[in-house]
Amino acid sequence: MDFLPADGTAGCAKGGSRCDADITSQCLSELRAPGGGNNACTVFKKDEYCCTGTAADNCGPTDYSKFFKGQCPDAYSYPKDDASSTFTCPGGTNYQVVFCP
């Protein structure tokens, strides 16, 4: 999957996020859903996976976010992930999303 500024990278801190992994076929069994997968928050509804309640201020990576980060290193996989996983562009930027690059 590519998530890139449609008009080039002018004004953007980085080019954009890219993930070449076939996550759907490798999705962990407990997160599988028809046609794809879910995130751990949706499935388990626990603070540690949703970064809410007791985990709101101290939300670290879980085995699930680590799995996705391992598949797509450029992706932002949990709220306090490293800054190298964030991509910013000026307001009004149009994006091109490519699901099968």
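Cβ coordinates come from backbone N, Cα and C, glycine included.
In the disulfide annotation of TrEMBL, Cys72 is paired with Cys19 out of the candidates Cys19, Cys27. Of all Cβ atoms in the shown protein chains, 18 besides its own fall within 10 Å of the Cβ of Cys51 (disulfide bond). Cys72 (disulfide bond) sits 20 Å from Cys50 (disulfide bond), counting Cα to Cα.
Nearest Cα neighbour of Cys59 (disulfide bond) among the listed disulfide-bonded residues (Cys19, Cys41, Cys50): Cys50. On a Cα basis, Cys50 (disulfide bond) lies 23 Å away from Cys19 (disulfide bond).
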